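Read through the structure below, which is laid out as structure tokens, and then see the notes.
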């Protein structure tokens, strides 16, 4: 083999490796450059890109497990770990990068992107490396089974303009206080959380690059509150579509960050803002009121029920002295 051939082989190996496993600082130079945006119809429709937000060093072992799970799914094209803690030592990120590449069993490409700031808005930046129509926005403390992931994707493909997720909340209007609030209703919802939020890639550009002065002010509110980027994305999607999100049922979703966990290490469980529930709900209510003030309207719309991946008998029959579903023995 000649010198030119050897050089070509080394260059080719480097490029292929960089495509599969990549650690970079920040992202695209100008994520809002419209010339970098691909036409929706030319993007892959058979797979998704997973964007995982990471911040806490205590959650790194859990993050590695979650990335490995996503990478083993055949519907995942690539995984971008968006590290939002600027104070994390480079040595620790280097080790994380090595572990992600070494212990992730699937064929999905994996990138570790060190964000230039801790802004929660950065998780919605358009990224030129994303080559799929659908993106999954998720947190570093939620683990979902593969069948439920695939089912959520199938629901999204039938409703590509809607936000699809497994965790939902709602806005409401407090008649006594005469103000908008953040709440939970037992029979309706209007907000999908970024614990698991599937959506079309176009919404990244819509959130980060459009909307003019109004949208810029609302993104500033997210930075000031250090919260509510998911609520703002729901405002963006609902305002564009005039429809609410879709909740999908899941067989198994482990939420390690839920404050109600009893046997999870505190440093892992209590990292998230949602662990401080009363304060968290008030702050998010403030966000809803501020977004409403800036927009001059309330675009959020209610959805009812959830989509499930199985259809069983609903009729009841008496068997062995008990009322049970008729298709059960």
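The backbone N, Cα and C atoms fix where each Cβ goes, and this holds for glycine too.
These features come from Swiss-Prot:
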- 230: active site (ACT_SITE)
- 118-123, 139-141, 169, 226-230, 271-284: substrate binding site (BINDING)
- 141: Mn(2+) binding site (BINDING)
- 228-287: disulfide bond (DISULFID)
- 99: N-linked glycosylation site (CARBOHYD)
- 268-284: region 'Substrate binding' (REGION)
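Positions of Swiss-Prot features highlighted on the structure.
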residue	record	contacts (Cβ under 8 Å, 6+ apart)
99	N-linked glycosylation site	64
118	substrate binding site	55, 84, 85, 86
228	substrate binding site	120, 221, 222, 283, 284, 287, 291
230	active site	191, 192, 193, 194, 197
Exercise. Enter the number of other CB atoms within 10 angstroms of the CB of residue 287 (disulfide bond).
Key: 24
Quiz item: According to DSSP, does residue 118 (substrate binding site) fall in a helix, a strand, or coil?
Solution: coil
Exercise. Let me know how many other Cβ atoms fall within 10 Å of the Cβ of residue 122 (substrate binding site).
Key: 19
Quiz prompt | Lowest local Cβ density (other Cβ within 10 Å) among binding-site residues: 280, 284 | solution = 280
Practice problem: Looking only at the region 'Substrate binding' (268-284), report the model's average pLDDT. | Solution: 69
Quiz prompt | Coarse DSSP state, helix versus strand versus coil, of residue 280 (substrate binding site) | solution = helix
Practice problem: Using all protein chains in view, find how many other C-beta atoms are within 10 Å of the C-beta of residue 141 (substrate binding site). | Solution: 25
